[in-house]
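Below is one structure, written out as structure tokens, with a few remarks after it.
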Amino acid sequence: MGQIMGNKNGGYSHADNGKRIVTPNLGTPETDDRANYPHYAGNKIQTTKYTILSFLPKNLFEQFHRLANVYFLFIVILNFVPQVQAFGAEIAMLPVIFVLLVTAIKDLYEDYRRYRMDKEVNNRICRVFSRADRQYKGCMWEEVRVGDVVHVGCNEMIPADLVLLKSSDKTGVCHLETANLDGETNLKTRETALSQQEAPSWDEEGVNFWIECGRPSSDVYKFNGRIKYNKTMLPLSKAQLLQRGCVLRNTDFIEGIVVYAGPDTKAMLNNSGPRYKRSKLERQMNIDVAFCAVILVIMCVVGAIGNGLWINWYPEDSVQLFVLPIEGQQEGLDPALDGFIRFWMYMIIFQVIIPLSLYFSIELIKMGQVYFIHQDIHLYEHSSDTSLQCRALNITEDLGQIQYVFSDKTGTLTENMMVFRRCTVGGKDYAHTIKDEMKGEEALRKSVVHIPGQTTQAFFMDHPMLPEPNPILQEGWHHDPQDSSGQPPIGATSGARWDVSGDNIAFEPETDSTDDISQTTPIQYESESPDEAALVYAAAAYGYTLLERTPRSVRVRKPDQSEITLAILNILHFDSTRKRMSVVVRYPEKGEIVLYCKGADEAIFSQLDANADGQQEKQVTVEGNLLDYSQEGLRTLCMARKVMTEAEYLTWQTEYTKAAQHLEARDEMVYMCACKLEQGLTLLGATGVEDRLQEGVPDTIAALRRAGLGVWMLTGDKQETAINIGYSCHLLQKGDNVIKFNCHDGKLIDQQLKEICIQLGTCGCQQCCPQTSSCTEKLHNFFCRCGHTVEASNTCLRQQRHGSGDAQFGSQMYGESLDVAKRIRRVVPGAWIEANEDVRHKQPKHNPARLTKSLQGAALSGDPCLVVDGRTLGLLLEEQRADWLLAVARECKAVICCRATPLQKANMLKLVRERLHVMTLAVGDGANDVSMLQAADIGVGIMGQEGMQAVMASDFSTPRFSFLRRLLLVHGHWCYYRLATVVAYFFYKNAAFVFVLFWYQLLNGFSGSAPGDQYYLLFFNILFTSAPQIVVGVLDQNLPDDALSSFPELYAVGRESRTYRREHFWWNICDALYQSAVMFFIPYGAYADSDVGIWEFGMTVIGVALVVTLAHLAIQIKCWTYPHVLIMLASLLLYLIFSLVYSASCVTCNPLGNPYWLFQHTISTPEHWLLLILTTIIALFPRFLVQYVQSVLFPTRVDRARLFTKRPYGDERSSTSTATSFVIS
Amino acid sequence: MSAEGTRSGDKKPRDTAFKQQRLPAWQPIMTAGTVLPAFYGVGLLFIPIGIGLLVTSNNVQEIVVDYTNCKPAGANQTCSEVVQNVSSPGTCVCQVDFSISSDITGSVYMYYGLTNFFQNHRRYVKSRDDDQLLGVKQSKSTLNTDCRPYDGETVNGTFMPYAPCGAIANSLFSDTLTLSYGSTPVGLINTGIAWWTDKNVKFRNPTGSNLQDAFSGTLKPKYWQNPVYELDTDQPDNNGYLNEDLIVWMRTAAFPTFRKLYRRVNHTDTFQDGLPAGNYTLTVDYKYPVTAFDGTKRMILSTVSWLGGKNSFLGIAYIVVGCICLIVGLVFTIIHIKYGKNTSEDPVGFSAAAFTNE
């Protein structure tokens, strides 16, 4: 005890070696133990960026991180220097202040939202034990510290990462819903760290213990530690850890000690915080802004030099008539000095070429776009009353530029609802009837609803298995008595054996006593794995009802209403290497010990007793069935059994116990033991369970594919399940070349990777064959080794992926030896030959008939699809293999990563995003997708029942996966098109205006004169010409939504960034140069050698510039609606009214321009109007002509689509039929 | 259903044409059918306008007399050489004879034109004080600093601002031009040549018992020979800041080559219908130096059309643009007729094949 006390007092030295030692905080307030852990984070979380005090400096600091803002600030300051002052210093500040202010308000509002959310979470109440009061006391989450003993009731959320000490359950377990953390809705069990009998009561003075655990880590599935209590040292694993954010279910209460709090918890560590996302277009735009700066400097330099030269050239005596000496320099002019000063003045005058209003307008445009996305009725789901939400306001146009989509599986593509569909028993295939399926689905739906209050009666065990007793063998197939579909009882006489292996099943009896359950009361089951639940439901539908499941036994009611209780001796848990799980049970009557095993087909087949009678034939039939099932997209499971003698079992049992207790190599040894037992099995049959896809998923995926997007699936689920779903959602298709890549050995993986590269013909890439020249040679050698000679062509074997050569290649290979097939890992559809080189793993046997058949099928195949599992992925993501992986993945039509951890998902995505420089979109629904969502350029969260974590971390949240189609293909396309058009226009507009000013310098001795009034110069962009482009940016449509939706190919416009590229920028600058020349020199020509004043001329030029820029926008508009018209008119009207009022209002208040009655005078002259018309036509003529020529002679897809969709208005019937046929083709 | 319908309809977006972005729309598509008529339309519209403008401009009669280097009778030095020194100008009167070959009918205006004179230079343009011109008396502190160095002088320890201050006023055009038809002097009116608003709103004399008193405490600008209140002693309402020659000069020109309205011909007696053909003499009281900056001075007599002075640029530009539009329209019509069938309005062009090709 003294030692323990010592430890407690020595709690300060816990941080050694990254370990943390936690002792319970049970002290009185006077000796507050809670101060023990000052350097462990408290439970308070803070996701806000600012505090009240830091807001102003920090926000300004961040805003000035935008180079443009710094620039404008610099210009404003420059304007305060008298010598270079170009505008009224105060007036020049207005636009910048305006922009900064609006942005600051926006940031403030966003941060306030985060603050409110944090506050809500931090102020949640939980109960912490206080020894002083000898009871639990309410306490806010943020006050919880490491070492606190916390009490959590049923359906309450775990406030921090706890080690479970006590549970209300007498067996010392509790049930946990981890949906908020990893997105899985099923319940997980956790066990107390101490056995229930030893459970301490906290109010005893002497009770003390300590826990040692590792430093905080983001790995949700990993926790290591030990607890020392009453001189015994017990190991801790994730089975004892309750993670923050999880919800306690089906357990009255638990007590636990906090080991990680607040930011150290796994939930928060996995939530790596929002990344400031800057859209691709904006990144591109920023570079162009830099180009603008270069142009600006060039103009300033030209202006400055020109000024110096002019001063030199102009007779010195007279120059002082105009070029008044600079202040402080009474006599004489130094051209160099004057030029230098002029340089800075030009910088002020030409400042608008770097468009200040650009950033601001773009934010407004995006707000408008977001508004319309929110309002889209097609993105609204009625049943849940939710619609698509944009959480990130600044990346709408990225939706139109996505190149890769990374999707989670469960809950994203599927509804996570399993329905039993088919099974094969004793070589006969049984298709399930529709009615049963409905019933099962309905029951399943209910099963996911947790019923509070009944939780104590819940029996929820980790990995139980329900085997059906032998009598079924005699009785044959039991047809569901409720089935009245008229289908004859299938297999009734066949002696089929129906064997349900349900594991992970919990069920909730409706009444307190299970004995009272009547036949009519449906039992609701809960399961970690939904497909196992489906099996149990199916079994119940056939009369075999699971009544009770305890850790040691399982009670089943048979169709004849008799009940049987089986003792569970062992459970051999599922692991991804074995890909099967087993249970050993003892039958009550004869004491027979039977091992039931279920798992993936190849995992079972490899373990069958090859010598048994009829085994081979059975296997062939089942394999055939399985092929059918998987082609239907069903999740398949094989069942097998093995009868053991008592002695056999006991021998194994001893070995197993020893293995289980082994400290270092426990996993290895348990694995070996399990493999040893799972041998010589007898095949029972197989089942096919459907994981319901969400509505419209295959269509959506097909559409995304047509749009040219790479669709990858990253899931934490099993490989087989993932592949099945891949098929059913058309991610994989019949005839696809599915390459399963499972290799857990770092040494072998390189070789395998290389071989896959060669297979795919990616050997042209540097990564695969650094010595490119030798790539074919290598391949040649490879085949020579295998006893083949292959025509090694210089062109890589890329084309071999397609066509008949492929099949020949494969079958030849097979004909030679299975070994070759194994090595080359030629993977053919339907029969996936594993690339699994795991040394511990027995190689799967291959059925020659099947293989041959499949190889013939390969003739039709082509597109390779890669399936990688988590451990392999872990190896592949290592730096030296990353490029290889990408090289392979790029060649693949689809990539599926299964058993991937949240961070692996994120890393995979990051790898693709950063190495391939592509735009990525991630879709997910669970908290396990959070990292991925944040790593992606766009994260889309599915609003499901899986908690809000994913949604909170996402940029867009949608109730349905299928909304992606409209979101990307329609809104993404529009947003990109609109913004790209507007950005290009922006650059043009600002440049054109500045170039006009520049041309004038040629005629005024490069003195920096501007013909316009300073208000016009400063506000031309912000006031008069910004509103129309905002409306265009929000509302214009290059194509109607139905066209975009039904022709996904049009998405390529954004995906390939066709609307706005670097050359578009330069073309616009050139156009601006031309148009500005027209805008300036045509009026100059008309006014040359006349009595026109500088301000009159300026007024005309500004008017011309306004009309030209608006007309320029007008010919860009693809879809005129009344807002377009209104805003154009409003813009002109605003200019007119402003000018009239401004010109009439003030006689002397604006000394420079002195515009009194200027506008009225100017518009009263016919030249003004004649010039307006003429200049507009000349300025826009080339662009108009180019647009016309391009759309007529070199039409883009969009142009064609516009023509095509225009038809319906004229000729409704014929066009719809064309449209249909088009869609089909 | 209905209960659920109301509940779940809460957040349902409203199905309006605006919110669903399905407003009735006009989608202009550039096809031969829409664009070619536009070309023809512009062409057919512009050519007549251009012809009209050209005719109008040609109807404007204009006589330009460059008198930069005119010589006083009998002298061997041109006036420009005499007045070269701006600060101490000599006096020089010279005459230029010119003839008008055909009658100039209608109202005739007299302009003076300068070249290479950068009235639009930035510092020059700024160098004025509008408040001063509005009659507000200015001290050193209130005077616009842009007037420097032509802001004033310190006399006997007190600062006396120039009236008016600044470079523009300082460089006021100071030649006096008179015209005679044979021996008959042509009546020239020096009012009604400035903007009405300038004369009546923007320019005001400071208050005082008389004009000279009103300008007390000010100095004449450096290069001026007379103070501002002696600009037109004959007409009190054309004197001081209200002098229209000053007002016209203060409205700075847009380009280094410019003209400014100087006088209106008084169409009475002999000149009722304009200026008859014959020999005229321009008499110049030559004060204004321009040769120093390689400038020239011109006297221009011109009638005025609704379009202003003589300038055929607009008319020609309209005609050229109209012609180009017609030609382009024609070219594309030919292209359309020859090749149009399979390019423009063929829905098959937008087909699966088209997609795969790209």
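Just so it is clear, glycine is given a Cβ too, placed from its N, Cα and C backbone atoms.
Noted in TrEMBL for the protein shown:
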- A:ASP408: active site, 4-aspartylphosphate intermediate (ACT_SITE)
- A:ASP408, A:THR410, A:ASP925, A:ASP929: Mg(2+) binding site (BINDING)
- A:37-90: domain 'P-type ATPase N-terminal' (DOMAIN)
- A:951-1196: domain 'P-type ATPase C-terminal' (DOMAIN)
- A:1-33: region 'Disordered' (REGION)
- A:471-529: region 'Disordered' (REGION)
- A:67-85: transmembrane segment (TRANSMEM)
- A:91-109: transmembrane segment (TRANSMEM)
- A:287-311: transmembrane segment (TRANSMEM)
- A:343-362: transmembrane segment (TRANSMEM)
- A:975-1002: transmembrane segment (TRANSMEM)
- A:1014-1035: transmembrane segment (TRANSMEM)
- A:1065-1086: transmembrane segment (TRANSMEM)
- A:1092-1113: transmembrane segment (TRANSMEM)
- A:1125-1148: transmembrane segment (TRANSMEM)
- A:1168-1186: transmembrane segment (TRANSMEM)
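Each of A:91-109, A:287-311, A:1014-1035, A:1065-1086, A:1168-1186 was scored by its Cβ pairs under 8 Å to the transmembrane segment (A:1125-1148), and the highest score goes to A:1014-1035.
Sequence-distant contacts of the transmembrane segment (A:67-85) (same chain, six or more residues past either end, CB-CB distance under 8 Å): 92-93, 95-96, 99-100, 286, 289-290, 293, 326-327, 341, 344-345, 347-348, 351, 354, 356, 358-359. For A:ASP925 (Mg(2+) binding site), the number of other Cβ atoms no farther than 10 Å from its own Cβ, over all displayed protein chains, is 32. When secondary structure is read from DSSP and collapsed to three states, A:THR410 (Mg(2+) binding site) falls in the coil class. Here the Cα atom of A:ASP408 (active site, 4-aspartylphosphate intermediate) is found 7 Å from that of A:ASP929 (Mg(2+) binding site). Just so you know, the Cβ of the residue listed as 'active site, 4-aspartylphosphate intermediate' picks up 31 other Cβ atoms within 10 Å once every protein chain is counted. DSSP states for the domain 'P-type ATPase N-terminal' (A:37-90), grouped as helix (H, G, I), strand (E, B) and coil, give 29 helix, 0 strand, 25 coil.
By a simple count of nearby Cβ atoms, those within 10 Å, the most crowded of the binding-site residues A:THR410, A:ASP929 is A:ASP929. Under the three-state DSSP scheme, A:ASP929 (Mg(2+) binding site) falls in the helix class.
Looking at the domain 'P-type ATPase C-terminal' (A:951-1196) alone, the prediction's average pLDDT is 90.
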